[in-house]
Amino acid sequence: MNKPEPITPSAEAPVSLYAKHEPVFNRRIDGKFRRIKWAIMAACLAIYWVTPWLRWDRGPYAPDQAVLIDLEHRRFYMFGIEIWPQEFYFVAGLLIMAGIGLFLVTSAVGRAWCGYACPQTVWTDLFQHVDRLIDGDRNARFRLYKAPWGPAKIARRVFKWAIYLAISFATGGAWIFYFADAPTLHQEFWSGTAAPVAYGTVLVLTLTTFALGGFMREQVCIYMCPWPRIQTAMLDEKSLIVTYKEWRGEKRGSLKKAQKNPGEYGDCIDCNQCVAVCPTGIDIREGPQIGCITCALCIDACDRVMAETGRPRGLIDYATLEDAENEKKGHPPTRHAKLIWRPRTLVYFAVWAGIGLGLLFMLGTRVHTDVSVAKDRNPPYILMSDGSVRNGYTLRLHNMQNRPRDMVLGIEGLPGAVMWTEDMAREAASRTLTRTVAPDATQVVRVYVVAPEDTRDQDFAFTLEAQGEERESDTAKAQFDAPGDE
Amino acid sequence: MADKRFDEATQTETVGHEWDGIEELNTPLPRWWLWTFYACIVFAIGYTVAYPAWPGISSATQGVLGWTSRGQLAKEMDEAAAARARTVASLADMPIEELPQHPELMRAAVAGGSAAFKVNCVQCHGAGAAGSKGYPNLNDDDWLWGGDLQTIETTLIYGIRQPGEEMTRQSMMPNFGSDGLLDAGQIRDVAGYVLSLSGKEKTSAATQRGAQVFADNCAVCHGENAKGNRDLGAPNLSDAIWLDGGSKAEVEAQIHHPHHGVMPAWGERLDPVTIKMLAAYVHSLGGGEEFAAPVADAAPEGEDIAEEAAETRE
Ligand code: SF4
Ligand code: SF4
């Protein structure tokens, strides 16, 4: 095999495979999509901030915060719904729905999640707005960036970063209110008596928000986040994405050039406004690319330019690649609703809705009474002095409602057997026992079941019936061991 | 190295290896990586100075902080003991028969007893307390000396037939066979008789003869109707439980030359609280006697229930 020819360093500057990060100074823009973005940002932040403060009366035995993730007691409260750890499939189901929902949205309208609703986008947008308020618009910010460090620049920067920090604290830090009673925690937090973990969480979330939203911005979207890799794989030529209509724009030329040579140039006047407003700093005219989060700000920018130059809007627009091709051939653009509803999106929607209906069904039919059994294995059975056989069990009675309930434990099958527990006399043994189980609690009961002398190994069941209007019940299978024929 | 090789595209030196035309570039490590690496080295040196590290001939360096794993263990043990101190103190003050009126303490005692049992008692009574031949099963309801909390505690403290312990439980069944008190035929008859009491043998002329032998020799300790005598630790012979085996041969062997189990006097080795916990645990295994009715029946106030809820939530 031939070895590659030895080569020596040349005088040319070496080509680096690593592109240094270029900061993005995006220009302020106003327009339809910008306003939609503002509205969504406001709505998201409002929901995020207000939710933990909503109250929901659950009676005296449960917290009255409408949405609460109670890690300590392993409960999740959401308005009238209360999830126990063993019901975690609800959360799993919601996560699967979120995943399929992302597929659905992506195959229909591209990275709309990224462009409008993703927290990273919301924060980047917010911080870029702070940049514009403090340092001025694109050119001013660029000048400041290039300027040497001096007292004025340092003061400006420190001031701006302080604002970043304040916003990070108010947004990222607020997350803790989802994990404890918000009014109490709020008071404790400011009086210095909250749990150390609360301060730690606020610190970590403030700093991550500060770093990710204040400094890393679009790099998170392009390099760190796994979603875009999945999403770009989900896109096809029928997905509605932000598209530059090349057939109409090319060949680019300034207004002057276009006026001099009518007919030679396309609609794009090469004003670079679309690049200037882009929060990730890309040029959409190079075609669909991973850096585009489909925020549509470039549409706003270009539509303005088109209006000023007296050309029809939509040189950059939401369009499917297929439709852009069709338009090129002279067909009128297809209505968006028609583009969105196609077999692929309908299948996603069906699966998504199916899981949702399934979860709703389970939510409606689940019981709040549950019994589980663990049998003593060592020893498997005990011979009593009167010849009868005893087995021991550890039962867990779950009362998944937020009021105390009387529950009747019973034996199903196992003829002649009676039971008693470790805290009652054997003489009181019977086939049913009544226990009061505290609200939202599990009661552990050691139960001894004794069966007559000649009982053989067999299966039976414990039943648990909650007293009260709904009479919910649950059954748990168990095994009874007895000495075999030796 | 005479011929340094450089990659054409990047002008980076290569390390000189080549696999199927693929060459490795000798790209320097990023500076932040190097600094992290140096910082780790500095940290590691500091660490070995602060903590025991360098092995010597007979021992290792002690470290300037004076930390030892034994010291840390001792500290953790002290902390654990401190955390339990309140429960232990209440248990120490409380006579054992009052325990059932304090369900919380009772639960703590049973849990503690379960742990102590695994250290001290499983060697003879087995991990599940089911015993074996000659070693009583503590789960059942047959008690040689009594099965209420106090009696169990006494048995634990003084042991059974513990040599040199004045208060120990003592009883001796005579060696009826080996000392020639009964002949082989009488032993066979009386064994048949006691087995017939629990239905393991049919009544016959032999068992009737055995009944007479029993009345003359055994009833003194085991009682007229063979129900045993707890004051003497004499087993109940009419029930279904046989400590030393319930076959005819085993019963005959026991009459001929009885086997006598010995249990240590744990009062000499364990502290009173541990013994109390052990007694509570053994009592809780399902055969405990004279269980005071639980007092929790006093209608619980709403607050108590909420408190209880907080405790049992999981
Ligand atoms: S904003 Fe429109 S006209 Fe201006 S460069 Fe971009 S595509 Fe061309
Ligand atoms: S190219 Fe347009 S849609 Fe894509 S990120 Fe930039 S401004 Fe947003």
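Note that Cβ sites are derived from N, Cα and C of the backbone, with glycine treated the same way.
Please treat TrEMBL annotations as automatic predictions, because they have not gone through curation.
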For the annotation region 'Disordered' in TrEMBL, which listed range does it cover: A:311-332, A:465-486?
A:465-486
Six or more residues beyond either end and a Cβ under 8 Å away: which residues meet both conditions relative to the transmembrane segment (A:345-364)?
81, 89-90, 93-94, 96-97, 100-101, 103-104, 107-108
Same chain only, please: residues at least 6 beyond the ends of the transmembrane segment (A:36-54) with a C-beta under 8 Å from a C-beta of the stretch. Say none if there are none.
65-68, 115-117, 119, 122, 125-126, 171, 174, 177-178, 182-183, 295, 297
Could you count the residues of the region 'Disordered' (A:465-486) that DSSP puts in helix, in strand and in coil?
0 helix, 10 strand, 12 coil
